C-alpha cells in the first residue's frame, strides 16, 4: 500500500513538473525533467519486485530425516566445491588455505564432497601450500568433527575471544584446543617459508645440473621440474604461458569408515569414534598461451567445471573466492535443502547466499555490507524468479551451467555433441551421465595415461575454441561482470533461483578496506553492468523465459550507473548560480509582478527607516538601505 501511494505521488509530481514550465532556460528545464522521470522509473523498477518478499530458511532436520538417516546409506547428492585464486602474491596464501580447510571440515557426507583449487597463476608455492594444508587437515578436520566447532576456518576460529565447542568435555577440549593451536602456528610458519624453501631447492639443483638451462628451473619436492610458472621466468614457464596441471593432492575416501585411534600418529589427541577421512582435494592450473584469450575468472571456472566432471561429476557445483570461507558448517546442507525441495527444487538452477565480511569497520563507511541490497532487494526477488548470481557463495545445478533447460521446459531428446561441449569423449559421456542420473555419485576412474591426457586436454587453452563454452554453456565470457550475466542466462532459460539465509551466516570473507579499492570495485561493476545492457544479451530483448518483473529487475541492475549522470547534474545545480544570471538564473515573476514587488519593498524600507530613526538607533543620516531599486539593479542584487 505504501509503495502504491508513493507511485501515485511520483506520477502527480512528474505531471506537475511537466505542466509548470517557469524556466527561462529551456534546455536546463528539459534536462531536470528528464532527470526526475529517470529517478522515478529507476525507483519504480527497484520497488516493484518487493511487492512479494519471501525469506526462505532451510529445514535441515527434514533433510537429514529423508536423505541422511544414521544407520543407513546416505542419499545426499555429491557436491564439487571450487576455490579460485589468481595470484599467490596478490591474494594471501593463508586466506586461500583457510578457505580450503573450511571446506574439508564442512559437515557434509565425506565421500560426496570434493574440493578443487583453481590456481590461475600456475605457481608451485600454491601447490606445495595445498600439500601442507592436506597434512594439517588430517589434524584440523577430526578436531572440528569431535568438538563440533564453528567457524571451521582456523584463522577465524582462533581469533574468537574464547574457545567455543559443542562436543566433548571442557577439560579435554582445552587440551585439544591448545595442541591444535600450536600446530596451526607451525603450519603458518611452513607456509611463510615456502617461497624461500622453493628458492633454496632451485639453487641446490642448479649447482648439480649439467645443462645451462637447469639454472632457471623450479623444482618440485620429488625432484621433477614444475610444469607451471618458474621463479625465474622462462619460455613456457612464466605468467600467461605455462602448461595445464592437474594433481590429486588427497585421493577420494574409501567406502569403509576408518575411526580414529586412541593415539594418532601425529598428535596425542584422542579421536575415538571420529571419522578421520578427508574429502578429495585436487589442484588445477589451466593451460595459458600467449595471444590466447583466457577469459579471466569465467575461463578458470569453466575449466574447473570440465575437470570436476571427469573426476567426480557431482550434480551440484559451488564456487568460492579465495578470501571467503564456510562460516557455518551446515551451509552445504542448507543449499542442498533447496535443491531437493519437492515443490520447486527440480527447477532451481542455483542457490545464492548473502555476502558477509569480517574486516568491515563498525560504521561500514564504504557500504561493503550493502544491507539494502542483500537484506531488501534479494528477498523481493525471492518472490519472483529468484536472485541473481553474485560471484561467490553460490551453488549451481551442473545441468543449468551446461545450458540445459529445466524439467518444466526440457525436451525429451537432448543433443550432446562436440560442436557444443568440445571434443573430449570422456567429458561428453560425463554430460550424458549427469543428465540421466542427476543426483548420483561418481567415483574417480583409474588414473591411467589416457585419462591423464584427457584431464590435461579439457584444461587446455584451446578447448573452448569453436564451441558454446562462454556463450550458451558455462560461465559467460567477454564481460567484466561474468556473474550477473551468467545468472541472467540461466534465468532466461526458465530456471529459477533461491536466496538462502541462515541464523549463523553461511559464508564470510574480506572486503576492500580503503576507498581506492572500493571505488575500483564499484567502477568495474558499473562498467560491466552497462556493457551487459548494450550487448547482445541485454535484458531488454534477451531471456525469452524471463518473467516481466524479473526482466525489469535485470534492466535496473544494468542501467543503474546512468543514474550517476543525473546525480552529478543535481550536484552542480548550486554551483550554476555563480555563472552569469542571463544564462541560468530563473526569473521567479513576470515583469509586472516584479515592478509591484520593487515598489512594495521600497515602501517597506521607508517605513523601517523611519522606525529606526524615531527610536534613536540611527541618528544623523539616512538609513543605509533606504533607496529605490530599479528592476535591473534588484535582479542583480538578488542573483548575488
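Using the three backbone atoms N, Cα and C, a Cβ is placed for every residue, glycine included.
Feature list (source: TrEMBL):
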TRANSMEM  26-46  transmembrane segment
BINDING   91, 120, 296  UDP-alpha-D-glucose binding site
ACT_SITE  120  active site
BINDING   297, 321  Mn(2+) binding site
ACT_SITE  483  active site
TRANSMEM  554-579  transmembrane segment
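Using the Cβ center of 91, 120, 296 for UDP-alpha-D-glucose, the list of other same-chain residues with Cβ within 8 Å runs, in sequence order, 84, 85, 86, 87, 121, 297, 300.
For residue 321 (Mn(2+) binding site), the nearest neighbour among the recorded positions 91, 120, 296, 483, judged by Cα separation, is 91. A Cβ distance under 8 Å defines the sequence-distant neighbours of the transmembrane segment (26-46), meaning residues of its chain 6+ beyond its ends; these are 7, 10-11, 13-14, 17-18, 377, 552-553, 555-556, 559-560, 562-563, 566, 569-570, 584. Here residue 296 (UDP-alpha-D-glucose binding site) comes close to 86, 482: these same-chain residues lie at least six apart in sequence, with C-beta atoms under 8 angstroms from its C-beta. Cβ neighbour count for residue 321 (Mn(2+) binding site) (all protein chains, 10 Å cutoff from its Cβ): 22. In this record, UDP-alpha-D-glucose is bound by 91, 120, 296; the longest C-alpha to C-alpha distance in that set is 15 Å. Counting other CB atoms no more than 10 Å from each candidate's CB, the recorded positions 91, 483 peak at 483. Cβ crowding, taken as the number of other Cβ atoms within 10 Å, peaks at 120 among the binding-site residues 120, 297. Between the alpha carbons (Cα) of residue 91 (UDP-alpha-D-glucose binding site) and residue 483 (active site) lies a span of roughly 20 Å. Cα to Cα, residue 120 (UDP-alpha-D-glucose binding site) and residue 297 (Mn(2+) binding site) are separated by 8 Å.
Looking at residue 483 (active site) and residue 297 (Mn(2+) binding site), their Cα atoms lie 10 Å from each other.
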